[in-house]
Amino acid sequence: MIKSTTNPQEQRLPRPEDQSPAPPPPPPSSATTSTAAPATPTHQVATVIANMDTLKTAFLPNLSMDPNVHVSPHYCPMCHQQFERPQHVADHMQLCHGITLNAQGAIATLDGGHPQAQQHPKLSHPCFNCDEKFGNAVDLDEHHRLAHQTPAFLSRCLMCSIYGIHSATQQPNEYKCTQCGSICTTAMLAAGQQGFMEQQEAAVTPDDQLPAMAPRDMRLTPEEQHHQQQLQAEHHHQQQHQQQQQQQQQQQELLEQQQREMQEQAQQQQVHHHQQDQDLAGDQVALKVPPLTVKLNKNANGGAIVSHPQVIIKEEPLSLSDSGDVVNSVPVYAIQANPGVPAPASSGVLVGTQTVPADLAHKIRHKCPDCPKTFKTPGTLAMHRKIHTGEADATPKERPYTCSYCGKSFTQSNTLKQHTRIHTGEKPFRCGYCGRAFTVKDYLNKHLTTHTGEKPFHCGYCEKSFSVKDYLTKHIRTHTGEKPYTCPYCDKRFTQRSALTVHTTKLHPL
């Protein structure tokens, strides 16, 4: 039964007229509580409050303990919290401590003299950081401040669930990558975090995202922020490793594809040459020697003299082509009768030790060693080679393709296309080993031999080998003494065109 009247057992709150505005009395010490009567619920609450104040002093050393600051005449006897009005004290004690005050401002007691406390208050304020629940916001705030706002060395990492003491033992300015073992500085942490956040915004799958941030993440301590940056930077670094591995795999596949294409091209050329040799061997016919005419001349005595025409055999370097493709030059022997006896229109020619049918004679071409052009007669080839040696310039008819950037003319449209890439900067042929790009595919094939080490072109005079056929051609000239490039001013000859250019620039400037 609750007693509402004042009696000696009632514990009254101090009033303004009964006390001076001195600071509230401190809670009873441990020595006092040890010698006092059996602890009542009020004394137990006071003991808990005393321990809480000890925690405050330990974890918040900068908290002002001056009792003269913000002293109010109305305070809670349980926790010494100050209020402006007595009604606020009553509401506070009922909500926070479960103690009810009567109309006279005294603590309502039971028959046994113990203060009345609310049994089983409604726990409507859960903690977001643990499973605890509280009956009011004040207790929840006190719990959060003491239990979850402890120093950093006791806090729990929100990212990896490891207590923060592990971050204090590590180097604050560096972290080690688990993929490559490299150590990054704090300057790289900021860059890693920025790149990680950009990837998080562009990510479309939840697997690539970090765990969702809890409400308390907005109030991270500096140690927690530093540790979070480390994890984010490490995650970004691992993604960079994956991208690099994918790029290396793509480059390796590109290299393998280029090597397969080169091997297939070489095999096709070998098959083509072998098939051509078989066709020539299978279609050979007997050599048709021009018919010899016998002319009877009478001498002075009236006798007859038989006159035989003289057959002349001369050797010329020619090249054969069955389908318009130029092949390597082979020795071709052209049989020509004496000019006194005209040869028939259809005649055979001897190729090495074989004969070539007459219907293939018109396909015999003379290939220029400096460019892909071919000619029907050696004389036409000789006139054409003067263009390369500088003895004569090509006529406008021979250079119908003009560059729109510089006005330079070319004999072939493909050559103009390659030249135009010099002005546009286009290099569509890229090396898969080093990334170097070229304007012409032949240049790329020559460059690839520097990586593979392949030297398929061997010199017949010495043991040297070359990766490019042009290099072999220039080298052979050192053995044969051939100098196809002649200076148009002093008739001096050179083995290479570059040497002629240097000579003309220095000794014969325009």
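Placed from the backbone N, Cα and C atoms, the Cβ positions cover glycine too.
Per Swiss-Prot, the listed range annotated as zinc finger is 429-451 (candidates: 176-198, 199-221, 291-313, 429-451). Listed ranges 125-148, 317-340; the one Swiss-Prot annotates as zinc finger is 125-148. Among the ranges 149-172, 485-508, the one that Swiss-Prot lists as zinc finger is 485-508. The average per-residue pLDDT of the prediction over the zinc finger (401-423) is 87, rounded to a whole number. Each of 125-148, 366-388, 429-451, 485-508 was scored by its Cβ pairs under 8 Å to the zinc finger (74-97), and the highest score goes to 125-148.
Within the chain, the zinc finger (429-451) has long-range Cβ neighbours (under 8 A, six or more residues past its boundaries) at 251-252, 254-255, 258, 262, 418, 421-422, 467-468. Using DSSP to sort the residues of the compositional bias 'Basic and acidic residues' (222-237) gives these counts of helix, strand and coil: 16 helix, 0 strand, 0 coil. Nonlocal intrachain contacts for the zinc finger (401-423), taken as residues 6+ away from its ends with a CB within less than 8 angstroms of a stretch CB, comprise 371, 373, 394, 439-440.
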